[in-house]
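What TrEMBL records for HIS68 is active site, proton acceptor. Look at TrEMBL and you will find ASP69, VAL72, GLY74, ASP76, SER78, GLU87 tagged as Ca(2+) 1 binding site. For PRO160, the entry in TrEMBL reads substrate binding site. Residues or ranges marked as heme b binding site by TrEMBL: HIS190. Per TrEMBL, Ca(2+) 2 binding site is recorded for THR191, ASP242, ASP250. The feature disulfide bond is assigned by TrEMBL to CYS37-CYS113, CYS70-CYS75, CYS119-CYS322, CYS197-CYS229. Summarising the annotation, TrEMBL assigns domain 'Plant heme peroxidase family profile' to 27-326. Marked as signal peptide by TrEMBL: 1-27. Residues or ranges marked as site 'Transition state stabilizer' by TrEMBL: ARG64.
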Amino acid sequence: MEVYSHIRTPIILFVVIFAALTSLALGCKVGFYQATCPRAESIVQSVVKSAIRSNPTYAPGILRLFFHDCFVNGCDASVLLDGSTSEQTASTNSHLRGFEVISTAKARVETECPGVVSCADILALAARDSVVETGLPRWEVPTGRRDGLVSRAEDALKLPGSRDSAEVQIEKFAAKGLNIEELVTLVGGHTIGTSACARFVHRLYNYSNTNAPDPHIDQAFLPHLQTLCPEHGDRTIRVDLDTGSVNNFDTSYYENLRKGRGVLESDTKLWTHHITQNLVQQFISVGRPNQLTFSKKFARAMVKLSQVEVKTGNEGEIRRVCNRIN
């Protein structure tokens, strides 16, 4: 499949789309730091690019870090806070990575503009830059978020789970103001990255106490997964979520769902549910128009996600370091 880095989307296309989107940003706007820290975005981009080129697994790591932040009390960098009962300690967040990249970006921005740029904005920018680095065209990110003061492990229960049905996923996204198309589009972020065997091994041997594998898994693909994740083997082993295209941000993830090669149960449910299947189908046909449709919709959904329950104005604070409040 053609890789997105070869696509040259006309700049005007994204300008028109995001001019409309960013007008909806409550307290946030594109270029928020233009006067107070004009090099902020380029500094973050440089740090993220360097990190991903040295270790490609940082791209999906940072993207999921952003997603897990926004889904728990909004995009306020609460997931970055350390603590014995912070969000980081929740089992659903045990696999998150990329914290050090955000900390490095924050430190470099602080050197240039002390006390100006929030960790929440740095994380939002880094998530965009991670996706761009793996193939999608760049989009503008509204900034102006403030950092949250609270991080509780129990709040992470709001996160979508790897065993969620399509109905539950729809409900959880709707609670954040995201519609079904945005759900299917954002879950397309699974086109990069991996999952631990622990998240899906239940599908491979004794699905729903049937003593048999999940019948929705392609029978030709099942032995591959069973080899990587033996029934009583190491459940921390990582497996590609998008077989054959783990480092490219493309639509092959959706094609794998159609073929019964979705790794997570929650992903597979998007193909077996009649409403979400129709939306998955729109990204399956191969070719440039299809890829451009996905890139535009993913960028639009990311902008909307980045506005979930943001703190602005006098809310929260601008942290000096991202892992603790001032």
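Including glycine, each Cβ sits where the backbone N, Cα and C put it.
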### Environment of THR191, ASP242, ASP250, the listed Ca(2+) 2 site - residues of the same chain whose CB lies within 8 A of the CB centroid
GLY188, HIS190, ILE192, SER245, VAL246, ASN248, PHE249, THR251, SER252, TYR253
### Task
Rounded to the nearest Å, what's the C-alpha distance separating ARG64 (site 'Transition state stabilizer') and ASP250 (Ca(2+) 2 binding site)? Just drop the number here, would you?
17
### Query
Taking CYS75 (disulfide bond) as the reference, which of CYS37, GLU87, CYS197, CYS229, ASP250 (the recorded positions) have a CA within 10 A of its CA?
none
## Note on the structure
Most isolated by CB count within 10 A, of the disulfide-bonded residues CYS37, CYS70, CYS119, CYS229, is CYS37
### Message
Return the residues near the residue listed as 'substrate binding site' by Cβ distance under 8 Å, restricted to its own chain and a separation of at least 6 in sequence.
### Response
PHE71, VAL168, GLN169, LYS172, PHE173, SER266
### Query
What is the Cβ neighbour count of ARG64 (site 'Transition state stabilizer') at a 10 Å cut-off, with all protein chains included?
22
#### Entry: Neighbours of ASP69, VAL72, GLY74, ASP76, SER78, GLU87 excl. site residues, C-beta within 8 Å of centre, Ca(2+) 1
HIS68, CYS70, PHE71, ASN73, CYS75, ALA77, VAL79, GLY148, SER151, ASP155
## Note on the structure
Comparing the Cα of THR191 (Ca(2+) 2 binding site) with the Cα atoms of the recorded positions CYS37, GLU87, CYS322, the shortest distance belongs to GLU87
